[in-house]
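This report concerns only the one structure given below.
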């Protein structure tokens, strides 16, 4: 009885792993094969039914909320419901053999509230076919490791057998199933492009170099003294509004800090917009940022109020029409009178061209570049994904100039001129205690920018800002890391000089608290990023 319950419970955690483990144990005589098949089939069938009825009863509860009603009545939900109705039995049966599809489709089938009996029948026969097949494969695969089971290393042998079979099983699925095969190829292509590397891999070579700089300057915390006018130099937790307030007002896009302690309403939002003498659309973003997370282009009061339901400090900011945007990385050594532009990043916004046949989702999935960040674009477009653009129609996929929201970074060295450098240096010197960071600006045309004219600063980042041109897809890996290492060498030197001039650096405890608080803040800000307005 205990084995029966354990196997059923195991299927709720991992169906495939439980079936494979049961098959291997049965081969070694530790458990009856028929019991494994019966228990796992029962557990899997119950799990499928739970998914269905979860969707069914949660839907009944959520229908009391008007927001949920509007979602379920939307065009995209109705179109998916029609597709499911047209091939209900086949879809339910097929999902059993396509990993990753059962949860969303079975829950969605429950939400539609139809064909309860049909679901129970089709899912039963699917489980009845799939479960014994997987268990028997594991059972006969056990012959290959039978000698190991009797060698005195049972648990090690069991682990190796289950893990190896499970790995082979997942690999075969990735080859046989088209969606898995496409995802595998995409992952391989993505892995050779530095701009898409996971952060922990990308920054790995920086660790020994930062260690070298720490030894050279006999300390690491000097970086927190790099910008005495910014909280902790700008390593984390700095206020965007406070930074912008220290810059010349005529150089900055108009903005207002929104406190989390106010219950906002339509009249208040309209008053702020009127006071700033701006109009929709506007930008609403967290006052403490994290790589572009939570930035929203808002077109109405209703959308603004939806964002402001989340109790964080936000900035309401004028949306500069651009249409161009750049990141200008500036630095000035405290013992020198003139600052310099290290680099300029030319930000290329993603624009899709329609063909009159495919919808936005299909166009993104087949685009040479956009497919690498399809999850980002899917989240941004949301219910618009089913729309079919007309032939030649241009569709903007993003508005924010950060890589995490789909923007491509190109080296903009051709934009650097003496006049622009003089202008940026003049602006920077008016911010007391600023020496190192990246300006994000919007401008109308390259000619004016090169003259140091007609641009607006939308953001300024401190010590942890990057020379983002290093993510240029045409850069070699060595060239990218040269920029990264150079900016860190400059950061340490500026921080060290400021400290020697009497500017304090944070203590180790303060350093720890800042990073800990920022880690927690990143979790809080994720809810803003997931909003669709």
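Backbone N, Cα and C define each Cβ position, glycine as well.
Straight from TrEMBL, the features:
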type	residues	note
DOMAIN	17-138	domain 'VTT'
TRANSMEM	36-58	transmembrane segment
TRANSMEM	119-141	transmembrane segment
TRANSMEM	153-177	transmembrane segment
TRANSMEM	197-218	transmembrane segment
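Nonlocal intrachain contacts for the transmembrane segment (119-141), taken as residues 6+ away from its ends with a CB within less than 8 angstroms of a stretch CB, comprise 16, 19-24, 26-27, 33, 36-37, 40-41, 44-45, 48-49, 52, 88-89, 92-93, 95-97, 106, 109-110, 161-162, 165, 169. Within the chain, the transmembrane segment (197-218) has long-range Cβ neighbours (under 8 A, six or more residues past its boundaries) at 191, 481, 484-485, 488-489, 492-493, 496.
Here the domain 'VTT' (17-138) has a mean pLDDT of 77 out of 100.
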